[in-house]
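Here is the structure we will look at, set down as structure tokens.
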Number of protein chains: 2
Amino acid sequence: MDVKAVIGQVLQRIRPTEEERAFVEGLVRELGKIAKEAIERLGLDVKPYFVGSLAKDTYLAGDHDVDLFLAFPLDTPLEELRERGLELGKAIAEGLDGYEVAYAEHPYVRAKYKGVSVDLVPCYDVRSWKEVRTAVDRSILHTKWALENLSGRNDEVRLLKRFLKGINAYGSEIYVRGFSGYLAEILIIKYGSFLDVLEKADFMLRQKVIDPENWLKKEPEIALKTVKRETEEDKPLIVIDPVDPRRNVSANLSWERYGIFYFKAHQFLENPSEEFFFGKTQKTGNYLEELRRKGTHLVTIMFPKPDLVDDVLLPQLERSARGFERALSREGFRVLGWDAGHRAGEAFVMLEVDRREREKVTIKPGPEFFTERGWDFYRKNEKVWVIGKRLYAEKRVKENIIDVILELIEKNQVALGKNVREDIKNAKILLDYVPKELEEDAYLFLSREKWNLKGQQ
Amino acid sequence: MDVKAVIGQVLQRIRPTEEERAFVEGLVRELGKIAKEAIERLGLDVKPYFVGSLAKDTYLAGDHDVDLFLAFPLDTPLEELRERGLELGKAIAEGLDGYEVAYAEHPYVRAKYKGVSVDLVPCYDVRSWKEVRTAVDRSILHTKWALENLSGRNDEVRLLKRFLKGINAYGSEIYVRGFSGYLAEILIIKYGSFLDVLEKADFMLRQKVIDPENWLKKEPEIALKTVKRETEEDKPLIVIDPVDPRRNVSANLSWERYGIFYFKAHQFLENPSEEFFFGKTQKTGNYLEELRRKGTHLVTIMFPKPDLVDDVLLPQLERSARGFERALSREGFRVLGWDAGHRAGEAFVMLEVDRREREKVTIKPGPEFFTERGWDFYRKNEKVWVIGKRLYAEKRVKENIIDVILELIEKNQVALGKNVREDIKNAKILLDYVPKELEEDAYLFLSREKWNLKGQQ
């Protein structure tokens, strides 16, 4: 199928229908009215703004969560904004179908209305970047900028977002480090179309700096400082925020995710198919056969998923996985790779290692022989010899990897994520076996199909 | 037993009896006479000198080989000295019980007389270090210096030499790198007695420079140059030759051998026994049990001993062993230790490794993804993924250590000693098995009893 036909097919699936549009527009009207009434009732000087992909008309069919921002005057003290903002959110939510309080930089209300999630977020009513006081304040500016510049290319944004989701590179959350929706919009505005953005995958990386609002001319000092800072941190892209020269929109984009985009863009242009947008059915297989094929072993550290959001849990699991990788390497095992996540209520860290057991006796290098510490070493060990100036001795060690891991944990010799430390101390440790619900994760990890640029998305 | 009693017992065993002395003196008289006659017969202007431990009366009972040096005038051209020297050696040997020609810096005659080995070595008749022209010329000066300075402490030298032999630290040959006889004499002359030398084991190392003839005062420039050179080479001791300020008598002494002396001296002073002088019977055991105890594996590379002297063969085997150590480490095996030598006509390199097989599939790091080489790598490999900026792929590898070694040798990826390279290419490679005649070597290596400071000598 040629690329236009593919794009046409995809658009049919991701463009909201007239029916959905009408529903969304009705929703926005009603929510606006309910909000205004609540503001008046509480006697507040607050303006409601719809922001995000809904407001910009860049949402994907079926994915129409509402972001309603409640903008307070700039002279409102922060403490008051927090209190009044939460109060107002609750007052609005009273007219909806239930809510809970969620926490970001400050608390906000997450409500439900007609089956749709509605975030009610207090912020400042900023007119420019110079007035930005909290992390969410820019959203109003982002929405405004996108609306002014999209010029009808909304479907191109939809295509790019769906493509990024399909190849698993969408989302700027810390555990994804991919492309945000706003970044996708900027790229479409800058390069013109979905296909143009894909064709620029290599060019962008080489050009490095993308500056759609010419901040480098308008505010050279500030914008250059941003470029310098982000360059030093070796970011793949530096996209100077059209509404704020101090910010790199792609600050959270990792080289890995960019790499996936890079190769998938190439593959799509060479051989377009809908699979890029929706993912193939995962190629699956038997993890035990994979272990036999590779001659390696799988250690799984597993415990009931703690009550933490993914933003917190996943980085902590990854930190712990890296901790095990380092500790086991020091202990003489080779760690070929790791994976971490949760599935069916179980959090897990998987480690692929080269062997189940290590030699029972290892060689321990000691200090130089003619030193105080040399004499200590000489006295403490049963067999001692000299190579060069140093003493060496035999050391008996735990042999099975499970014993080694238990001892490492017990002696606090693994760097673990602080919120999962206690869980890991009580975790199950499985060798070359995982329970049924983790079998697919084990396969995708061991086979590297999970990350294989040439496999499914 | 107290130290004096031990020393008394040892002296009884190592001091030549009156009978042996008389035999040796007779031998020297007769050899001197035979030599003089041959010199006159050939009409040469040569002086015969007896040198070495026999001449200095520091030989051990039963160990009375004769060194007879034939000193030519300084104005003899080197070529003439070589020719006439060999001629004269042969002429003298005619009156003895058979001989062969041996080769060092120049050829010399090794004869037998009344069951004793007699070396007939041509040299220059030097009076001082300034006249030294060949490596052997100093021997006459050494003998003279020792005779002038020993002052009756000959038995102390015997004790020290026997002690060094017992702990396997005697001999300055390249494959021992221990203490020479001359070095033992200097240490006794410098420190007074056998026990004094042992007590100074730590002090000597700290003082570093020993200069019995005060060359640092008499010839500061030359002596300092020696000190500087040997310091840069990080020698454990710098003993400026009493007869030549350019030379470090302990230039060949290794840190390992000094380390053995260091600990054995300490052990002897704490707990004296005759065993230090004569060695315990080797503690022996089963190498297969040792492998099981340690959970490690033994690779033996074995081939018929080539026709090389130990001075050449052993360093080449060691070089090859280190080559295998490095190559196997690169290939993912851990080498816990190695040994090399020959026994019963077979030369061998033994390597103790952590496992027989490595994983069949390993992770191959590739170039940065956005480069030409990145695209190559991406195209060439079946499974490819990105970590950071780099691509990674799976690589299938040979799994059994024997296959790995064969491939390494075939591809010339092991640094081998040049005189044994071809032998090693055709060598047998054994895994966890050695032929009967190497069983003890394998045990002593694997158990590290061969080098254990706390075990037998």
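Cβ atoms are placed via backbone N, Cα and C, with glycine included.
For the Mg(2+) site, TrEMBL records B:D65, B:D67, and the single candidate of B:D97, B:D119, B:D125 listed with them is B:D119. From the candidate list B:K130, B:K161, the residue TrEMBL records in the ATP site shared with B:S53, B:K56, B:H142, B:Y170 is B:K161. Shown in sequence order, B:F50, B:V51, B:G52, B:L54, B:A55, B:D119, B:V121, B:S139 are the residues of the chain, 6+ apart in sequence, with a C-beta less than 8 angstroms from the C-beta of B:D67 (Mg(2+) binding site).
The maximal spread of the CTP binding site, taken as the longest Cα to Cα distance among B:S53, B:K56, B:H142, B:K161, B:Y170, is 18 Å. Other residues of the same chain near the Mg(2+) site, with their Cβ within 8 Å of the Cβ centroid of B:D65, B:D67, B:D119, are B:G52, B:L54, B:V66, B:L68, B:S117, B:V118, B:V121.
Cβ neighbour count for B:H142 (ATP binding site) (all protein chains, 10 Å cutoff from its Cβ): 23. Counting only same-chain residues at least 6 apart in sequence, those with a Cβ under 8 Å from the Cβ of B:S53 (ATP binding site) are B:Y59, B:L60, B:D63, B:K161, B:G181. Cβ contacts within 10 Å of B:D65 (Mg(2+) binding site), excluding its own Cβ and spanning all protein chains shown: 13. B:K161 (ATP binding site) carries a helical DSSP state (H, G or I). Looking at B:H142 (ATP binding site) and B:D65 (Mg(2+) binding site), their Cα atoms lie 17 Å from each other. B:D65 (Mg(2+) binding site) carries neither a helix nor a strand DSSP state and counts as coil.
In the domain 'tRNA nucleotidyltransferase substrate binding' (B:155-278), helix, strand and coil residues by DSSP number 73 helix, 13 strand, 38 coil. Taking a C-beta cut-off of under 8 Å and a sequence gap of six or more, B:K56 (ATP binding site) has these contacts in its own chain: B:T143, B:A146, B:L147, B:L150, B:N154, B:V157, B:E185.
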